[in-house]
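Single-structure report; data block below.
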């Protein structure tokens, strides 16, 4: 024993002298965390290396055991632990391929024992540190630091909640770390015990040195239970226990291994008679109770590690016994059960084991954590852990070599941390996770024999980033598996190439951006991919250059050979060869979940990086997982934007300044020539000149000497006032002036955001005829890309509005020729000129070279679409909402900058979609996406919730106003207010419908069964949100729909989901970069999930046979059928919209049972009394149904059933004046379009719409979300301040069921038993109906009857939808607040402009003289204030206006901002006028 002790002391002293023992606790934890990652990486490398040599053997073995493995997997699925960290396919492969390396039976060498002891010392040291970190003293210190840091931004209860959340996360992280360390410690102890090391002596030495490494007072002064003097009572109890064990359980050991167990009390207990059993059992209880009594009597909950209670953990053999002894350590409440044993119960050992299992009494928490495991699971876990520890020791030896080599390296090669000479490969990730330094673009190579390869060390560069998650493993970094396509090095941080959709590292991205930002023509030509200047190859269709190495390395040698021999189309012109690299970039970006792009990604310029780094101090403490209202970061200044963005803003400002000055001149001429302002058409802009007989003039704002351009007379005669305004708006942006176009100006883009029904198609046709036929501008080709379902409508509109006085435009369509002749058709279009109509799908495929077999033809088509159009028009442009979609990328490849985006709903879901569309027409105007998030999206969305603070609302209004003002020059918005007087009134009722008892039961069971009501919906909601929503929506329509779908599936019919594809990724600004293929896969997965939910048997026991045939189980169906019946009685036609095909099928079933009025025994028939339009309806058949429905003589048809997505766009059903929306869409635009199918030109009756909404369910929350989206659009596009209707918390808890019906039903039952109560209930219902009828039915007799019939039984409440979108006067910005917000926005840009003015042109500005005043321009009565807002401009602004127009002393002009006449004499003192005269 003494020899072993001396040997052990020598080994510890030897290890203490080695450099392997780390110098600080922080470094120890760093090594532990980093080496786990490196061990996993090495396992993968070994796996790949060995896999090549052993591939055949492994494949043979897998083929032989494939059937057996499948059976075992099916049998063991229920017993496999979900929480197992090691039972994975990867670990099994590692073990199967590395058994020769593991060799657990081989005796350990002295060196390996030294390493094990070293590892144990490190693990125990970190475990002690973890325990100290969880002491009250340590926690109090950390809490005070956290509170002090958070107190800078938070106060009161909010501060307390934030501190509590941070501390909870802090403790959880340390407890998890402690749990991992204890697992490692147990494995190491087992190996040391097997090697013959006396563990008590080892622990005695560890404990004797423990106080020297403590930093808390509690641990420095604690009484150690090992190696210290204990009480006599404890010694006596231990001696009694030892004597009992020696008597009843004699054992013989050698080197710590159990060699033999004699006829102990266990065998005697099995084989002896009952009396002996009772005697032994009693003796055991008496012997052990004395020791347990010692611990139980002096138990103190406040006693921590190192006390007697801690020592008692070694006496507990089961978690139950540990819990009974009062131990509250990790693992106490985790109970594992061995798998079922197939054996005879006659075996006394098995029988006793089973009896013990049955008698096991577990606590509630232990029952919750009850896990069933297999015996091989434990073996696999053990072996994998030992393998990882062995590899970690090898890595530690390699680190010694790195340290030695690092001392001889230059300081420039290694990034040093303070005075420490060791390369900082791993910063502290647990205790101080503030920054981390990583090795960039290199992997240090270490041979098995310890040799160090420093070939790549000189390429190391530091990269600092914020570590958001203190426990995150570096192996999760998506850059670990990706290389930079420019420098071919491992990218520590994955970034997108500024020009190509491929992966580049940070250094390469910055280098490329610096080259792009330098527009000096004298610079050397360089590769657009990597920036090199050697071996460049020209693109034959554009001016871009690419080096041969980039082409060869990234695309392939074959492509390189072809490029050198016959020329090539570069990756910008033909991105098809980059598809693989683009997919890699998408994968890397999706894996980068822990870092939010808006706050941590690099901006497009160095100034962006500075703006991010100079933000308010970022909270880098361990963040809480609790979601709450965002705390937005500092809004970056406009001076910090990229150079390109600032340039485009300046161009737009100069354009508006020029237009304003010319507009005022035109206004003066108009007023003087007309004499009477009243003669100006009401509602039109003041600058409207010309008339319908001679043709409206489009270039009212024109330069001196420029001829007037008129709209053709035949078209002008049919234009309305707002349409004339829209044509002029497009001219001012697309053309600007005749001289500019002829001088080669590329023009600008715009968005015509007129709401549905205002004639956007007619306006575009009029504009194209004016620009391409009425004046010679050299513009002869136009490309119109539109949804395929309105493609033929465009052609018919061109034919309908064809003018007679000018040559008609040629119209081309792909359907006019065969596929083989498409290239010829496009060539003819480019040569002859005209308008080419094309669907989005065909445009995308042809632009990307898809669907064309002939390679030359494919290239020709791509070139024609890219270079051919002089004007590009995109109908329904809100489709352009995904920056990474193929359609968006194809449209952006078109070189034409004269782009017109048509949309009735420019902002549908979120601001990022709006940004995508704006960035298409004016690329770079709003900056990069992170800049837009910081400046507009986050402030606006953060202030639109009910629980937003006053400051949030104020910032929201300011940023909304600034965004509106910034975009109003090229985004023209008009709503139905301009034509309200031409249409009958419209009323939209939102009816809150109660659920039937069966619906409530099904709804609650689904939520509980699939975990949507347990408060743990974060990950589940993300994966299964829309599938669950579809199931619930169908239950809310009718509880029998699952039954109906089940029968349809048995008959081979499958109900489709209509209203899903674009909604899945457009609501919370997430996945807006999802590629098209992924979206289609998401759609298919969604359909499968919905079918899976409905095909399971969770609803079978609740539904009786043919429940779906009874309409009374759904309040929606009762109200729907009643509305249709009453509409038919009064002669009104109705439209019924629903999202799902099964719901429409069920409605058709009920309609087939409705009796015909006055026809005994006759019922409604499809095709006679109702029509149906869905996605399966052919285009020709659809138009026939629409025409028949709109026929005034067709009195028999009562309604048309329409699927929301398939029929809410592109059809006119003005014959109907009743619209019923059975289930609201996630996107409010679809429901709005559904209503506008009836409320449009041609409608003669008042329109009433009924939106049925299930009360207290997800439908009600989604409706509030719709109002939020419409309010967001109103704020940004329509500049209204609407009421906020939903809180952030409601948005995160959409599945919560607010079921008050059970309470109301209980009250109803009680009242029914009481006669007086019953009469009161009837009187209350009558009073409720009268009150609602008198106040809110809006003159709709049908709604009044509906309330009287279904009052409180089915209708919970109702309101008019428009009331929620009325402007909130309290939140409207005053003129002063608007001016202040706009002035703050313009201040940086104006200051930059002043700095750019030459000294000779910027006279000194004196202090304003009180005697100097400007005379305002007299405003006519018809002056439109919505366009020209009076402002108080500065003298500097007036000076800049005078300079920009080149005016001299004595001349005057009108300021486009404040509307004042300005002269040099008014803005500069007389003493300074001489300088202006000279200049």
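Placement of Cβ uses the backbone N, Cα and C atoms for every residue, glycine included.
What Swiss-Prot records for this protein:
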BINDING   754, 755, 756, 757, 758, 759, 760, 761  ATP binding site
COILED    19-49  coiled coil
COILED    109-199  coiled coil
COILED    578-598  coiled coil
COMPBIAS  40-55  compositional bias 'Basic and acidic residues'
COMPBIAS  76-86  compositional bias 'Low complexity'
COMPBIAS  94-109  compositional bias 'Basic and acidic residues'
COMPBIAS  598-615  compositional bias 'Low complexity'
DOMAIN    472-601  domain 'ADD'
REGION    40-109  region 'Disordered'
REGION    594-615  region 'Disordered'
REGION    1400-1423  region 'Disordered'
Any further residue of that chain within 8 Å (Cβ to the Cβ centroid of 754, 755, 756, 757, 758, 759, 760, 761) of the recorded ATP site: 904
Largest tally of Cβ atoms lying within 10 Å of a Cβ, found at which of the binding-site residues 756, 758: 758
For residue 755 (ATP binding site): intrachain residues, at least 6 apart, with Cβ closer than 8 Å: 904, 905, 974, 975, 976
Average model confidence [pLDDT] within the coiled coil (19-49): 47
Residue 761 (ATP binding site) CB neighbourhood, other CB atoms within 10 A: 21
Residues near residue 757 (ATP binding site) in space but at least six apart in sequence (CB under 8 A): 904, 976, 979, 1236, 1239, 1240, 1241
The one of 754, 759, 760 whose CB sees the fewest other CB atoms within 10 Å, among these binding-site residues: 759
